[in-house]
Amino acid sequence: TAASAPPAHTGEGQQGWFSARNGSGSSLDLESVVQPLALNPWDVALCISGTIISCENAVVVVVIFYTPAFRAPMFLLMGSLATADLLAGLGLILHFAFVYFTPSEAVSLLTVGLLVTSFTASVCSLLAITIDRYLSLYNALTYYSERTVTRTYIMLILTWGASICHGLLPEPSACSVVRPLTRSHLVLLSASFLAVFAVMLQLYVQICRIVCRHAHQIAVQRHFLASSHYATTRKGIATPAVLLGTLASCWLPFAVYGLLGDCSSPALYTYATLLPATYNSVLNPVLYAFRNQEIQKVLWAVCCGCCSPTLPFRSRSPSDV
């Protein structure tokens, strides 16, 4: 889950996206600002991060949307992830622009709601992809069926429905480390992320077990050497470890801080935990989309202009990507 970009009380007369209610900077509040604000480096870094996120994920969304062959469940889930990250990147840019160039409390609240919704959808899409990968291994014989397509659409509806509900912001009257979110709202977001991460961890443990079992069966049937079996198993375990490790390193610090921090905590702590969280949306296209061989083929075809990106191909199982 996610929250809006936080405040920075960087000095007398200098404000970031959020300003302190009093001179002590112990409480952070969103408010309209009529005088020009001095640029905060943290805000600039978040805006740059949003620009990179938008560019990367726009490429993924366009490729998936305009390629008829990418209608398989795994590509629909990948498109959901890219769309969520794209909206998150645009939300970071818009929030920066509205705060520094056309200050408006109402518009800033809307962009905060967009950020909460899109980051929540991003994490929930990661969970949906993990579920899809697990089922593709656990039910390999029945995966390619209408039932899988129906399940995919149900997961998409639940993902975006839950994300929109999380993005419905309360009135900006209570205090938390990330205003205008109330502390109870932020705790809910943090707890939801921890729950999603726990489920993903359990699913990836099961995926690793299935991969190891399959590798052992193949090694026995084909009389592979022990070293070959070890290499295959290590490769099957390395990918889940990288995916989970990236998600944990990006989001866990902010989720834990959202549970433990209070309105007296320095704004620097919020920035220092939220900025790395945005990096997850930077890395998602690399880890989930650009590693896919079919998407690579389309991108190379578009860049080289030597063949049509709509050529048919046999889509691989999501467990392979």
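Don't overthink the numbers, they just go from 1 along the chain as shown.
From the backbone N, Cα and C atoms, a Cβ is placed for every residue, glycine too.
Not measured: the values here are computed from a predicted model.
What TrEMBL records for this protein:
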- 42-67: transmembrane segment (TRANSMEM)
- 56-288: domain 'G-protein coupled receptors family 1 profile' (DOMAIN)
- 74-101: transmembrane segment (TRANSMEM)
- 107-131: transmembrane segment (TRANSMEM)
- 152-169: transmembrane segment (TRANSMEM)
- 184-205: transmembrane segment (TRANSMEM)
- 237-256: transmembrane segment (TRANSMEM)
- 268-290: transmembrane segment (TRANSMEM)
* To do: Residue list, the transmembrane segment (107-131) vs rest of chain: Cβ under 8 Å, 6 or more residues beyond ends.
  => 1-5, 17, 30, 74, 77-78, 80-81, 83-88, 90-92, 94-95, 98-99, 152, 155-156, 158-160, 162-164, 166-169, 172, 180-181, 189, 192-193, 196, 199-200, 203-204, 207, 247, 251, 277, 280-281, 284, 288, 318
* Decide whether the stretches the transmembrane segment (268-290) and the transmembrane segment (184-205) have at least 3 CB pairs under 8 angstroms, with pairs required to be 6 or more apart in sequence. => no
* **Same-chain residues near the transmembrane segment (42-67), Cβ under 8 Å, at least 6 residues beyond its ends** => 5, 8, 16-17, 75, 78-79, 82-83, 85-86, 88-93, 96, 99-100, 271, 274-275, 278-279, 281-282, 284-286, 289-290, 295, 298-299, 302, 309-310
* Grab the pLDDT values for the domain 'G-protein coupled receptors family 1 profile' (56-288) and give me their mean, rounded. => 86
